[in-house]
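Here the structure is laid out as structure tokens; the discussion comes afterwards.
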């Protein structure tokens, strides 16, 4: 595992240097290059949006990428169950309702302890995960997931465990969209639309990653800032004293009003609307916004959050914030939103070139 991590870091560093070199070259290139920067706090859905752009505009995933994602899917499936089981033993103090499933728990936990969670799921491991996922105690722990760090994709992978463990399994686009590995450094997707070369960059969302890269992108055309509106009752992975929504707003404030991006268009994706729609019925947004006095319904709550973000813009006369409610794993919905964003950017480029 240590060697694997070292290789990943080495490859990431090489990729980052290459991208930085290309960014400098782009500054000397013509105006046909349009650079978009994806920003947001960790786990907001940036990488999923980038993967959607790859599906929609860049010929999807290569066979090599699909093979890489297979190991990530296996990892995400095992890790999801192990995270729930550890939370049951720890912060939740919840037992398995069926005590006879302790043996199955040991089988799954051993996979992670041995560092084998990225390997194909054996029939024994798959059946153990499916059996545990059906346990009422595990279901209760899942419902209490805001009290510990559980990725949003956990339910998807646990629901699909049987299919994922079949011999010859090949991840489909939806599996890849839900797959999750923390972004380090910068990841890039390129595509061409109407004679414009788009280059989209996803910068790591954890605090340490953001600090490393922000200065490299002072000449981007637009920033797509992504906030996970469903995370108003959750805390950061890297700082469990900070509310995720508040962190996201603080980051948006610093980017929107940064001297690096005074003339850069701001596009706000209010992501994970599907999870927000379900959660708002159970948990009021007063968790993050004590001054909220509206109803516990989607329309009022989203409108309030939009207003909160709009108020962070210190130059509303000069800078417009384009807001979209999104579900990054819904390809059809994301296609409509991204098409709208790209059309807006193309119009601005034509205006800049004096062609409108």
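Any Cβ shown, glycine's included, is placed from N, Cα and C.
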Quick test of your reading of Swiss-Prot: among 198-207, 208-217, 218-227, 228-237, where does it put region 'G3 motif'?
198-207
Region 'G2 motif' per Swiss-Prot: which of the ranges 166-174, 175-183, 184-192 is that?
175-183
Of the ranges 35-48, 49-62, 63-76, the one Swiss-Prot annotates as region 'G1 motif' is 35-48
Secondary structure content, the region 'G4 motif' (267-274) (per DSSP, counts of residues)
2 helix, 5 strand, 1 coil
Which same-chain residues, if any, lie at least 6 apart from residue 328 (GTP binding site) yet have Cβ under 8 Å of it
45, 48, 49, 52, 177, 226, 269, 271, 272, 334
C-alpha of residue 47 (Mg(2+) binding site) to C-alpha of residue 203 (GTP binding site): distance in Å?
9
By the count of other Cβ atoms within 10 Å, pick out the sparsest of the binding-site residues 44, 177, 181, 203.
181
Counting other Cβ atoms within 10 Å of each residue's Cβ, which of the binding-site residues 40, 47, 183, 271 comes out lowest?
183
